[in-house]
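Peer 1: If you scroll down you'll find the structure; I have some questions about it.
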Amino acid sequence: MKYLSEWDQWKRYSSKSWKRFIGKAREMTTHLELWREDIRSIEGKFGTGIQSYFSFLRFLVLLNLVIFLIIFMLVLLPVLLTKYNITNSTFVLIPSKDTDVQCTVYPISSSGLIYFYSYVIDLLSGTGFLEETCLFYGHYTIDGVKFQNFTYDLPLAYLLSTIAYLALSLLWIVKRSVEGFKINLIRSEEHFQSYCNKIFAGWDFCITNRSMADLKHSSLRYELRADLEEERIRQKIAERTSEETIRIYSLRLFLNCIVLAVLAACFYAIYRATIFSQEHMKKEIDKMVFGENLLILYLPSIVITLANFITPMIFAKIIHYEDYSPGFEIRLTILRCVFMRLATICVLVFTLGSKITSCDNYSCELCGYNQKLYPCWETQVGQEMYKLMIFDLIIILAVTLFVDFPRKLLVTYCSSWKLIQCWGQQEFAIPDNVLGIVYGQTICWIGAFFSPLLPAIATLKFIIIFYVKEMSLLYTCRPSPRQFRASNSNFFFLLVLLIGLCLAIIPLTISMARIPSSKACGPFTNFNTTWEVVPKTVSTFPSSLQSLVYGVTSEAFAVPFFMIICLIMFYFIALAGAHKRVVVQLREQLSLESRDKRYLIQKLTEAQKDMKNRLDWQ
């Protein structure tokens, strides 16, 4: 036996103690996990598919909270510390520049509103008294905050906060997607392996509570039902004849043409609604009645919400005739709905962009944008995102209270009516619910630059949605008769969210790099575009650091770097392919060994039978 020195013994003891401490810390953090008991209870009662939706919603709550903290620390906190004289600091006003006076005019609505409904309109649309608060971009019309030893550059901090929350969202989503992809890859390799894992290794022997054991039983039962349902679909597909295959593919082609027609009609309706709203929204409030004013302000939001509400129902009806497996049915429905929902936001944003940068008068040439209609266009874009966020929450609450609960009461107490029997009890539609929160998160990503407090609103919104959806699920919904596995869906939910993030980055990049910044409001009034603050900051660096930055961003560095990245990527792809071939060979070897054992057992059984027969003859 090898003798260990005192130093080696101490290192081994320290390593074991540290591992034990890490294990205990992880165990404690699981008890502090947000909504842990609620989500585990939902998993046992309704399966892992619906549980994955609530876990996904919890992830978005945490993500928006972190985004809000980033914006608060970089932008809001220095402004609030100076505004309320908490620190010995002062605002640095934006120095005057050779800008035409016409471009700096910003007519803010009067705060002396007469009617109560005007306050309601301001609260719902972000206009009036809310327009002057720190909720919107136009409030931050300062160049910096001067502390005792340094000057805080607010324009640079504002831009960096946007880059920081986009980068954080990308890294966090990719990290969770990679973890889900690993699980998905392991579970999708062999279906028989999935059955064995659930039957022989699916039980948690640490469970001692009777209720938790029942929940675990229910969860395993739902998983097995989902596996059997997908196996039935695969067997049905394998047994199709050539005539049935041609028929189903022809039907799918026709139905996809219908889907494209529905999408085109929705996009055109949103475009026309946005144009109409922008052309009529500048009328005075006292010249309109309450309903007319609110309808014009919310017309794009109403059309988008109606499109998002109607199209998932159309897609859900269409998908039933395409004869897909439950898992693929969920993913294809989500893919269609995500294209619909996210494309509607892009249509709205690009329609606003076209109106901002085009006009018939001289102000477009003078200011670079339509200053007459959009004196502070960043704030007005933020107001559109704010209205979409608020209206989406109102619709979710209204549908739950005035549709789902009355439907449950009718199904419970009027079940003898034929119409109620056809309508049936509400099912928890996972695609529609997932797309609802992805839609809200995309609005938050786009609008956080124009409305810095929008992530805080999104956090409160998702918390409310969690409890509303939980109550609706427990008291008004029933488990879907068609089960599906959540292992694939968890990864697919994050993939859809990643698509939403990429689509959100496109209009933000265009607005920061291409559209001229407002000359009447915001921290970038002295810059032609928002991105110009970066080269101005780099010009203040020492000459050696400037040369380094210019060298890293030059083509001479970018081309070799891209080639090296491609070579590394090709190496890892080849390595992954080699590992996959080794895994396939090992599986074939295990299969051959199992056949050899089966053959030997068969021969042994035959030999035993022959020996028994000989003894009987003797």
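Here the Cβ of each residue, glycine as well, is placed from N, Cα and C on the backbone.
Annotated transmembrane segment per TrEMBL: 56-81, 156-174, 253-274, 295-321, 385-403, 445-468, 489-510, 557-578, in sequence order. Here TrEMBL flags 376-487 as domain 'TMC'.
For each listed feature, how buried is it and what is near it?
Peer 2: Proximity of distant same-chain residues to the transmembrane segment (56-81), defined by a Cβ-Cβ separation under 8 Å and at least 6 residues beyond the stretch ends, is recorded for 34-35, 39, 87, 89, 134, 140, 142, 145, 152, 154, 157-158, 160-161, 164-165, 168-169, 172, 176, 434, 437, 441, 444, 448, 452-453, 455-456, 458-459, 462-463, 465-466, 469, 490, 493-494.
Mapped onto DSSP helix, strand and coil, the domain 'TMC' (376-487) counts 86 helix, 4 strand, 22 coil.
Remote same-chain residues near the transmembrane segment (445-468) are listed as 35, 54, 57-58, 60-61, 64-65, 67-68, 71, 75-76, 126, 134-137, 140, 161-162, 165-166, 169, 345, 349, 378-379, 381-383, 385-386, 388-390, 392-393, 396-397, 400, 436-437, 500-501, 504-505, 507-508, 511-512 (criterion: CB distance under 8 Å, separation of at least six residues from the stretch ends).
If one looks beyond the transmembrane segment (489-510) by at least 6 residues along the same chain, the residues whose Cβ comes under 8 Å of a Cβ in the stretch are 49, 52-53, 55-56, 162, 166, 169-170, 173-174, 176-177, 180-181, 183-184, 327, 330-331, 334-335, 338, 342, 345-346, 349-350, 353, 430, 434-435, 438-439, 441-442, 445-446, 449.
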Peer 1: With Cβ-Cβ distances below 8 Å as the criterion, list the same-chain residues six or more beyond the ends of the transmembrane segment (557-578) that contact it, or say none.
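Peer 2: Same-chain residues near the transmembrane segment (557-578) but 6 or more away: 551.
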